[in-house]
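Notes for the one structure printed next.
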Amino acid sequence: RLQENRERLSVCSKLCYAVGGAPYQITGCALGFFLQLYLLDVAQLDPFYASIILFVGRAWDAVTDPMVGFFISKTPWTCFGRLMPWIIFSTPFAVISYFLIWFVPDISRGQVMWYLIFYCTFQTLVTCFHVPYSALTMFISREQSERDSATAYRMTVEVLGTVLGTAIQGQIVGKVDTPCIESPFFIGKSNSSVALEELNMTHDTGSLTDTRNAYMIAAGVIGALYVLCAVILSVGVRERRESSELQSDKPVSFFQGLKLVMSHRAYITLIAGFLFTSLAFMLLEGNFALFCTYTLGFRNEFQNILLAIMLSATLTIPLWQWFLTRFGKKTAVYVGISSAIPFLIMVVVLDSNLIVTYIVAVAAGISVAAAFLLPWSMLPDVIDDFKLQQPNSHGHEAIFFSFYVFFTKFASGVSLGISTLSLDFAGYQTRGCSQPREVHFTLKMLVSAVPVGLILLGLLLFKLYPIDEEKRRKNKKALQDLR
């Protein structure tokens, strides 16, 4: 009882830890929703080169995670800890590179290299922040309940970060409208699934200079929030070396540790299950704007529908935290992630209806909350199980977290590639005011049928996940004995 009391975290410590998750989500949302629009309409790059920047940036982002995990595993302990120095020293350079992404250089040639270099540089530096921050979960307390509670705080703040990133970028550059081109081929053709009155020709509202200034102001605001969150994290959270290490710990090389980690059954089944469920939600996220605009005909409601999803996710994370402590994490996975399936089917089966769309948005937010919370809540249990099976191996927390992030970003890249190729094959009209029927069918598949299939496949893989509540309690008792 005294040991548990010493390991208990204060609400202030949990809040300071949670705030550290916001920078990754705020910048990720701003880049995810607006970078492609910025490269095409503001920087005025050729679409081919814009695609190269986006694909190479995502691929490099995935590669940097295991690289950073390797270097972290080699980092010695300092007076600030082993993980915190990475967070502190990467922050100012990350903010500078993020701002330069949203700056249009006054050069006739070399713009492609400018954006490619600074996009990849930022992805590297934000990885130097996020991978050690994710692994920090194992170094704030040895108590599973305290780590789970801190993770719930973190997920709430991260979902709020997605709302904040979208809101800041959207409000500041909200006057920027992408003009659509009315193709003569589609004029006069009826399409029952599209509200044509919502898809009229739009016009720019301001000069290109004002638009560029708006993007830089948004980058400055988000950069200031990035620095503020990093300061709060570094001041309010203490990294505890003893929280992760056992009495019998002996150093093991990175590659030997990587081999041990990748042969751990619980870890493989966990990342395999979440790989498919993450891919499902990323497909939904990546194509939701196009689906609302063209298939449902709610061009002017997209931001409000997205806000409904994120607010629903934010408000229900405490509910899922209570649910997983009451009924277990595997049960929470089945109930939470599968709850989106009937609503994903409903949105494409029923006729276009704004009320139904908002209901689906709220239901999707409930599942998004579960998908946000559960992987980061279950990873520490897997690491504890690994420590019991490999008691002489330590310092591999960053490997567990970095390779999970790697597979998540890999899923993001796959979803982007699938979406782009599918829409291109269906005949998607760039900046078109309306789209052919094949595009509407493809969008329905990308936001409903394919995600439902991926969710079901992921849930089947979770049947193989070996750590239930009984095994988790046994592991906790065994770890206490070892310590």
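The backbone N, Cα and C atoms fix where each Cβ goes, and this holds for glycine too.
Unlike curated records, TrEMBL annotations are generated automatically.
Since we're looking at a predicted model, the values are computed, not measured.
Taken from TrEMBL as is:
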type	residues	note
TRANSMEM	15-39	transmembrane segment
TRANSMEM	83-105	transmembrane segment
TRANSMEM	112-133	transmembrane segment
TRANSMEM	214-237	transmembrane segment
TRANSMEM	266-284	transmembrane segment
TRANSMEM	304-324	transmembrane segment
TRANSMEM	331-349	transmembrane segment
TRANSMEM	355-377	transmembrane segment
TRANSMEM	398-421	transmembrane segment
TRANSMEM	441-465	transmembrane segment
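Cβ atoms under 8 Å from those of the transmembrane segment (266-284) belong to residues 333, 337, 344, 364, 367-368, 371, 374-375, 378-379, 381-382, 385-386, 400, 403-404, 407-408, 410-412, 414-415, 418-419, 446-447, 450-452, 454-455, 457-459, 461-462, 464-467 of the same chain, restricted to positions at least 6 beyond its ends.
As a quick check, the transmembrane segment (355-377) and the transmembrane segment (304-324) clear the bar of 3 or more Cβ pairs under 8 A, pairs 6 or more apart, so the two touch. Taking Cβ pairs closer than 8 Å, the transmembrane segment (441-465) reaches residues 266, 269-270, 272-277, 279-281, 283-284, 286-288, 290-291, 294-295, 330, 333-334, 337-338, 340-341, 344-345, 347-348, 418-419, 422-423, 425-426 in its own chain, all 6 or more past its ends. Of the ranges 15-39, 214-237, 304-324, the one with the most Cβ pairs under 8 Å to the transmembrane segment (83-105) is 214-237. Highlighted: of the candidate stretches 214-237, 304-324, 331-349, 214-237 has the greatest count of Cβ pairs under 8 Å to the transmembrane segment (15-39). Remote same-chain residues near the transmembrane segment (331-349) are listed as 273, 277, 284, 320, 323-324, 356-357, 359-360, 363-364, 366-367, 369-371, 374, 444, 447-449, 451-452, 455-456, 458-459, 462 (criterion: CB distance under 8 Å, separation of at least six residues from the stretch ends).
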